[in-house]
Amino acid sequence: MTPPPPPPPPPGPDPAVDSATDPCPEPQSLVVLFGATAGALGPDLGSDETDLILLVWQVVEPRSRQVGTLHKSLVRAEAAALSPQCREASGLSADSLARAESLDKVLQQFSQLVSGDVALLGGGPYVLCTDGQQLLRQVLHPEASRKNLVLPDTFFSFYDLRREFHMQHPSTCSARDLTVGTMAQDLGLETDATEDDFGVWEVKTMVAVILHLLEGSNGQLFSKPEVVKQKYETGPCSKADVVDNETVVRARGLPWQSSDQDVARFFKGLNIARGGVALCLNAQGRRNGEALIRFVDSEQRDLALQRHKHHMGVRYIEVYKATGEEFVKIAGGTSLEVARFLSREDQVILRLRGLPFSAGPTDVLGFLGPECPVTGGADGLLFVRHPDGRPTGDAFALFACEELAQAALRRHKGMLGKRYIELFRSTAAEVQQVLNRYAASPLLPTLTAPLLPIPFPLAGGTGRDCVRLRGLPYTATIEDILSFLGEAAADIRPHGVHMVLNQQGRPSGDAFIQMMSVERALAAAQRCHKKMMKERYVEVVPCSTEEMSRVLMGGSLSRSGLSPPPCKLPCLSPPTYATFQATPALIPTETTALYPSSALLPAARVPAAATPLAYYPGPATQLYMNYTAYYPSPPVSPTTVGYLTTPPTALASTPTTMLSQPGALVRMQGVPYTAGMKDLLSVFQAYQLAPDDYTTLMPVGDPPRTVLQAPKEWVCL
């Protein structure tokens with residue numbers, strides 16, 4: 001039997017006239033939608049990343065106040081295990097869910113049934129209406145993204161019944177705290193308390209609330225739907241931008257190859273601000289697995305925090321609160337060139353690394369080839385350079401679509417000249433970070449001046465009255481060493497235990513111990529050699545004080561012999577420097593408050609016939625000694641960290657060409673070849689000398705080395 005045709009729609013106002021007179025026309029139809037997952041319900045819906053198991057919906061025609069048929073559909077979940085809360089509230093079982101349809105088929109049925117009901121009611125385009133935002137933003141969109149399903153356009157806009165209710169009844173509690181039951185209670189509606197079908201009572205009550213709200217509507221109700229962004233939009237961020245602290249989160253644990261689009265997909269359903277994904281880089285310019293994400297409002301940020309420990313592939317991602325200042329620090333920039341480069345919308349950014357320094361736009365475009373053209377040709381390339389204009393070997397390229405970017409990525413590790421080029425996906429924030437890092441790095445970083453040295457000579461000698469412990473556990477303490485030596489610990493000199501640190505300031509596994517005599521040092525070595533300490537055997541060998549001091553100052557002592565510290569290696573010029581008259585050093589007041597007076601220069605220098613040379617502890621970036629003295633220090637061990645003076649035996653071999661007054665000389669190692677005098681002087685800007693204190697030039701023995709005289713500084717290049 002053929003069903004009768006649907007009745008014609010009731011006469012209504014002319015749409016053209018209505019749209020002209022009513023700036024906010026009501027929608028033709030509303031689809032009240034309720035859903036549940038196999039896990040948490042209520043405000044925590046979707047926070048546990050469980051699959052959707054139930055959809056209940058009913059159509060409401062606002063103009064005629066008619067309602068359609070109520071529909072309920074189960075959804076087959078991949079993980080059929082139900083939480084106790086869901087099992088108790090729904091009464092469902094794993095067997096009933098196993099016989100249900102998959103999500104894609106349920107969505108097809110939903111579209112067909114809703115279209116039929118809307119046609120029967122004489123409505124037009126319809127909009128979804130839900131109780132809160134969790135169902136669409138936290139459940140449907142993320143699950144569809146995980147399963148690679150394409151949602152209909154109708155799922156990208158909806159009305160939040162709680163927000164519409166709060167708009168008409170602002171005296172109630174906040175929209176976030178409302179529920180279907182509290183809304184019906186505030187309106188004085190009678191609900192069917194006997195309805196025990198899970199989801200049906202909620203939809204019927206929501207329909208009753210909507211019809212009651214429509215009766216007292218002033219034309220503003222159901223006029224501004226919530227929008228779910230379909231695509232993440234890239235864009236630049238300026239250092240001058242003000243970012244609300246309540247809109248930023250930090251995601252940690254991202255795969256190193258993930259892009260901003262991957263991060264946006266992880267937060268699918270939430271509205272990320274334009275250019276709101278900033279991947280963080282480490283000190284080497286590589287991604288560290290973290291990202292800062294900026295959302296359009298605080299409500300989106302709160303929903304993002306509920307995705308803590310959700311999965312991206314096989315990895316779970318941690319989500320924490322962050323600040324707007326952190327986001328601007330990572331994503332913000334000040335370069336107009338970068339702003340113009342990033343001003344093109346809907347572009348895919350790739351980073352090229354390892355370019356030859358002589359490569360130009362023509363070379364890069366030829367490397368990529370005609371099959372993957374760069375947007376704008378040479379204008380779509382951005383080369384990263386040092387502050388002095390030298391190329392770094394990095395560049396960024398823009399591509400119009402994902403297909404062209406994929407074609408360019410196939411050139412990964414392709415050859416350009418004699419070098420292979422690496423290609424990676426990039427983001428606008430990464431462009432800003434890389435450019436900011438190179439633009440802000442000076443030729444010579446200005447470091448805080450180290451403490452001025454206090455001499456504490458080590459007693460030199462060739463007698464092997466010390467022992468060296470090699471192969472110590474890195475966690476070994478002074479107590480472990482004393483326990484390891486046993487009875488020999490009683491023969492240690494006061495303050496005679498010295499731990500050796502590596503270039504990073506961590507224990508190196510070596511230690512030196514000063515014994516009372518050569519005989520006791522030999523006895524300790526014979527008794528303790530290759531004894532076990534914490535599952536490791538330790539070598540104990542005798543050595544002299546001179547050998548110990550050289551190792552502590554940066555040299556090495558191995559089976560092949562003694563290697564001197566770096567400062568004692570052969571150099572182009574003699575290791576002696578003439579000195580000049582010097583006034584008291586100008587030390588800032590804030591610096592003097594940090595250190596004891598004994599660590600600062602005296603008020604006036606005392607003339608001396610000769611000044612011992614200084615040993616340098618290692619590279620110029622090392623501001624600490626590479627040893628630590630324990631077990632209380634004797635007169636022969638340092639009590640503060642600083643530079644060591646040379647042993648007395650080293651003074652006999654040094655020339656005696658010295659001036660009558662000792663000067664404050666500083667030796668700088670690792671200076672860039674392009675550094676000029678201004679770069680050198682900027683390092684010592686707080687330690688100038690008076691102009692009357694240098695009247696002569698320092699004699700040098702190497703013609704290429706020259707002395708430059710400045711109004712307030714001495715510079716020896």
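Placed from the backbone N, Cα and C atoms, the Cβ positions cover glycine too.
According to Swiss-Prot, the listed position annotated as phosphoserine out of SER83, SER441, SER573 is SER83. In sequence order, ALA38, GLY39, ALA40, ASP48, THR50 are the residues of the chain that are 6 or more apart from SER83 (phosphoserine) and have a CB within less than 8 Å of its CB. Predicted-model confidence for the domain 'RRM 2' (348-428) is 91, expressed as mean pLDDT. Taken residue by residue, the domain 'RRM 2' (348-428) breaks down under DSSP into 21 helix, 31 strand, 29 coil.
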